[in-house]
């Protein structure tokens with residue numbers, strides 16, 4: 001494929017623009033004159049798209065003909081069973097992570113806290129610090145080692161799942177090894193005291209369960225194989241991944257509706273009513289599975305369903321003794337809007353700093369040996385531990401315990417805390433009836449610290465809250481992106497809750513608004529900061545409402561999130577979109593910009609096509625598959641009847657003549673590579689044939705290369721009908737005459753046909769060719785053999801393959817004059833992988849993939865369009 005960065009050329013070398021304006025993007029790419037801005041990361045072309053569109057070929061139609069109502073109902077029932085199983089398994093993964101995080105965290109804090117209490121009197125606090133460092137660095141070291149085993153397990157996994165649901169195949173993202181390393185790694189990361197959460201990785205874990213469970217196979221467990229013929233397509237797997245991701249959100253927050261909306265808002269490009277119902281059912285199954293087991297384990301009351309999610313915000317209510325207290329009033333909405341603006345600014349700052357850190361890691365950490373990544377994780381752990389310990393011992397203030405705090409204990413215990421508010425209060429270096437406010441926030445699990453900010457009636461000093469927010473902001477920003485499984489929801493909520501509690505304290509102290517409820521401001525602050533970082537609106541609003549069990553918070557949370565998103569979008573993208581762009585993933589947004597409608601399909605399509613004929617020799621198929629990386633090939637015949645109209649330059653077809661002439665550059669180079677590849681084919685007849693057609697001239701100088709390549713004539717590769725052969729006297733137009741489009745065939749389908757020997761000889765008719773069933777075509781899904789790994793000695797290169805029964809004869813297609821917005825909407829909403837461009841007489845003139853629809857590529861073509869005008 002031609003490079004997509006050629007539209008940037010005139011921006012970097014104004015003196016050369018006059019010469020370059022006459023060149024096509026394909027010519028600029030061949031001559032090596034493309035340029036990329038230093039700080040801009042363009043989408044990479046090595047990411048493979050997923051096949052969400054059904055291939056309605058003959059084997060598929062045979063399945064439909066044999067399917068009656070009972071079989072269809074049985075298939076639908078199996079799908080519902082799989083959805084329920086995904087929800088249950090996701091809930092069990094959450095239970096596993098939560099149980100061991102609590103176990104390791106309690107062990108660590110019990111040992112260190114008793115050591116601190118003893119060393120306070122004996123003056124050996126350094127020993128307590130060493131004990132804390134020993135626990136934390138050991139846990140973080142184990143988490144980092146797990147990431148070395150499966151690198152894609154690092155981070156939260158939400159950017160990768162978002163890419164998968166958008167239609168991009170990220171290698172290894174939904175493997176069994178990934179979910180094992182993710183679940184084990186995140187419990188060590190959280191127990192190790194890093195400022196990370198386990199909620200984000202739960203979403204990734206649920207998606208992996210959704211992708212793997214319905215397949216009943218794994219390359220990590222090759223010996224375990226089940227003959228399960230269902231759901232062997234990217235389309236079905238995409239639906240199950242959507243359900244699994246939603247189940248992960250539901251298990252993390254106890255928010256099944258929020259999980260359903262999360263899959264809809266953040267991921268899937270294609271949605272329908274049936275999928276909504278299945279995803280919601282899966283989320284409910286995950287929520288109640290986790291709730292059932294956690295309630296039984298922690299309270300011994302099996303079946304009571306007291307703990308709906310891994311993170312619970314508790315019940316927000318005013319003290320019965322304070323008659324003037326209200327959760328929030330209409331006057332408070334003005335403060336909430338201001339907090340949303342500040343939260344958007346803070347979130348934009350967080351994203352900007354984290355993006356710079358990520359780029360630094362890409363340039364200076366990732367290219368080095370993997371041990372450097374482990375050392376970086378240990379450095380972050382060391383710094384975090386020292387800061388937490390020193391801040392808890394030195395920077396905290398002794399605050400008076402509120403007498404009303406005891407009345408809130410029962411409420412909080414009902415919401416699922418294993419320790420109530422008072423039991424999580426730390427009294428380091430403070431006399432009786434007082435507590436250390438900084439140690440209470442730092443020397444507790446993050447969930448306990450959030451509940452302290454939401455529900456602790458005692459006050460935290462403004463200085464303590466300011467220092468806590470600053471330290472937590474910087475350390476969590478540094479932590480997100482290191483080589484450990486890490487979530488961002490809980491650190492963002494805790495950081496925002498400290499900000500909201502600080503605002504409430506200032507309003508009470510300096511403005512005299514004693515009636516405001518501090519917990520509400522802490523919740524709004526958490527929503528503002530989290531919304532400013534991740535830029536989610538619909539799903540995050542519902543998640544927070546479900547987590548609080550308070551519907552009256554719906555309006556202020558929604559307003560705050562919208563304001564935070566609008567403010568943050570003014571400066572940069574959300575944190576997940578930033579990391580998607582840094583990986584160079586060709587993610588498609590919801591819609592294109594209005595000005596992109598100045599472009600047509602002919603302006604963005606790839607005109608240099610590699611195609612096959614309906615009846616093609618094995619030697620040609622092997623050559624094409626070996627020398628190209630394309631994943632689909634148009635099936636065409638030469639339209640000799642329209643050759644005269646093409647030569648005359650008919651108005652409808654003349655728009656594409658320049659593409660066909662320029663395409664000789666790429667096709668000539670591809671033909672030379674094909675001929676070289678054919679020499680390695682185990683057939684002396686084929687090697688001799690290739691030797692006759694290989695040119696041995698040395699390439700000329702760069703400035704003359706383009707003209708020579710345009711004038712030079714190369715024999716087309718031999719994949720015409722078996723009884724035809726190319727003529728040496730063909731002109732350039734004859735070599736690239738119109739091609740009648742018949743369908744698309746995938747690389748995986750061609751490889752399957754070659755592996756199974758589906759072909760016939762010249763002396764036979766195509767009817768004698770063996771037929772493959774739909775199940776046989778999908779037997780190797782999702783990992784088809786590589787063409788370079790095939791044993792070609794058993795194949796006769798003169799045999800012919802009839803691809804027509806296995807191609808997709810009716811793919812979605814557009815005309816060359818279709819506006820870009822129409823092309824984009826069709827491609828994204830239908831989950832396409834390839835979109836042929838076919839003119840009015842049925843001739844294919846180009847093809848569009850997701851790389852031709854990325855924002856960067858469209859911007860480059862739009863700049864080229866303006867230059868042409």
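Just so it is clear, glycine is given a Cβ too, placed from its N, Cα and C backbone atoms.
Database features (TrEMBL):
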- 80-101: transmembrane segment (TRANSMEM)
- 137-158: transmembrane segment (TRANSMEM)
- 240-263: transmembrane segment (TRANSMEM)
- 327-351: transmembrane segment (TRANSMEM)
- 371-395: transmembrane segment (TRANSMEM)
- 463-482: transmembrane segment (TRANSMEM)
- 519-545: transmembrane segment (TRANSMEM)
- 807-868: domain 'CBS' (DOMAIN)
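At the 8 Å Cβ threshold, with sequence separation of at least 6, the transmembrane segment (327-351) comes into contact with the transmembrane segment (519-545) through 3 or more pairs.
Away from its own ends, the transmembrane segment (137-158) comes close to residues 104, 170-173, 175, 177-178, 180-182, 184-186, 188-189, 191-194, 200-201, 203-205, 207, 266, 370, 373-374, 377-378, 380-382, 385, 480-488, 576, 579 of its chain (Cβ-Cβ under 8 Å, at least six residues beyond either end). Long-range contacts of the transmembrane segment (519-545) within the same chain: residues 249, 253, 255, 257-259, 261-262, 264-266, 313, 316, 327-328, 332, 335-336, 339-340, 342-348, 350-351, 450, 453-455, 488-489, 492-504, 507, 551, 553-554, 556-558, 560-565, 567-569, 573-577, each at least 6 residues beyond the stretch ends and with a Cβ under 8 Å from a Cβ of the stretch.
The average pLDDT the prediction assigns to the domain 'CBS' (807-868) is 88. As a summary of secondary structure, the domain 'CBS' (807-868) carries 27 helix, 13 strand, 22 coil according to DSSP.
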